[in-house]
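Contents: one structure, followed by commentary.
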Amino acid sequence: MMKLLHLFITSSKPVVEILLITTVGFYMALDGVNLLGQDARKYLNNIVFYVFSPSLIGSRLADSVTYESLVKMWFMPVNVLFTFIIGSLLGWIVIVITKPPSHLRGLIVGCCAAGNLGNMPLIIVPAICKERGGPFGDPENCQKYGMGYVALSMAMGSVYIWTYVYNLMRVLNSPIETQPSIESNYDTCKVPLISSQEDDNQKAGRWDKVKRRIVSLSEKVNLSTIFAPSTIAAMIALVIGLITPLRKLIIGNGAPLEVLQDSVTLVGDGAIPAMTLIIGGNLLKGMRSSGMKKSSIIGVLVARYILLPISGVLIVRGAYKLDLITSEPLYQFVLLIQYAVPPAMNLGTITQLFGAGESECSVMMLWTYALASVSLTAWPTFFMWLVA
């Protein structure tokens, strides 16, 4: 019982920290204070997107990833991709059932697809590793390898958010509309004289519709986000971490250019507080007027905290049975925890960039993070029992 209580306190710490900083952001956005008004949040959001997030990803990944560890962790990028794809499918089911307004469809799918693979595992894994007599062995080695797993998880999560989720939300928020052409209307009104001519017209009409849909979709998909600042930072960090001479030049105590790593780390430490303050500021607008249905909120909670973790157990244990991953308990635990985290805080950044759904995103974040203390206690307890 005492162990369970201690685990609950450990797992609740990152959630409580986020809720406290969110409260500060909420206070700063009040009309009487107005330190974090709409314009201020927009400017801060751009700083997060172009400076803080890339620095956080780059510093953590370059410090933790080597060629040997990357070969060992090959399944992790695949596992993170599974969390996004399964979450997207669950989000679409929530949309079909709850029928939210069209401008919120992208937000709901995004909340189900993109998990917080950054600061949540970044706090949970080291906290569990510090425990003497824990299921993951020596605390020092647990911390070292655990941070490497979390860094790669965080980097891959960032890449998928800005390539897959960003464009998915962009398309869902702007539904494809096809205007029937004059020719196709004319063809449908004609009386067919020769069956072969009718078939040709129908095939041509279908092909025109397909081409119009492809063109419309390509206009809505922003391929430039594949090279978003966070993605570029992850690529640079991988190059530095994998090329030994570069690593020795920049990374580690006593490295000639160690000051570069320290500077990037210092800047990156501002990412999580800044994102959380923005969510708190948006929450004020959300409490005043939010079009988010209760059924949609419940649907996201069920998808993220019940169905997605169950899917994760099946996938990770299946991969272990097929010898796709090692038997190391800590590695399996990190793979499993990726399915049980609350939605990514970068969703607040994305909705801010789109200029739609900011308030509803903050309301969704409030509910998901308020209940995350329960999810991040129950599921990690079960995961540790499963892999130990």
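Each Cβ is built from the backbone N, Cα and C atoms, and glycine gets one as well.
Just so you know, TrEMBL annotations never went through curation; they're auto-generated.
Listed in TrEMBL for this protein:
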- 15-36: transmembrane segment (TRANSMEM)
- 43-62: transmembrane segment (TRANSMEM)
- 74-95: transmembrane segment (TRANSMEM)
- 107-128: transmembrane segment (TRANSMEM)
- 148-166: transmembrane segment (TRANSMEM)
- 221-243: transmembrane segment (TRANSMEM)
- 263-284: transmembrane segment (TRANSMEM)
- 296-318: transmembrane segment (TRANSMEM)
- 330-354: transmembrane segment (TRANSMEM)
- 366-387: transmembrane segment (TRANSMEM)
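Below 8 A, the CB atoms of the transmembrane segment (366-387) and the transmembrane segment (148-166) form no more than two pairs separated by six or more positions in the chain, fewer than 3 in all. Within the chain carrying the transmembrane segment (15-36), a Cβ under 8 angstroms from the stretch's Cβ atoms is held by residues 44, 119, 123, 273, 276-285, 345, 365-366, 369-370, 372-373, 376, all 6 or more beyond its ends. Sequence-distant contacts of the transmembrane segment (296-318) (same chain, at least 6 residues past either end, Cβ-Cβ under 8 Å): 79, 82-83, 86-87, 90-91, 93-94, 97-98, 100, 104, 108, 111-112, 115, 325, 332, 335-336, 338-340, 342-343, 363-364, 367-368, 371-372, 374-375, 379, 386. Ranking 74-95, 107-128, 330-354 by CB pairs under 8 A with the transmembrane segment (43-62) puts 330-354 at the top.
Only residues 6 or more beyond the boundaries of the transmembrane segment (330-354), in the same chain, are considered here, and those with a CB under 8 A from a CB of the stretch are 18, 41-42, 45, 48-49, 53, 72-73, 75-76, 79-80, 83, 106-107, 110-112, 114-121, 124-125, 129, 136-137, 142, 145-146, 149-150, 153, 157-158, 161-162, 165-166, 169-170, 173, 272, 275-276, 278-279, 282, 300, 304-305, 308-309, 311-313, 316, 319-320, 360-362, 364-365, 368-369, 372, 375-376, 379-380, 383-384, 386-387.
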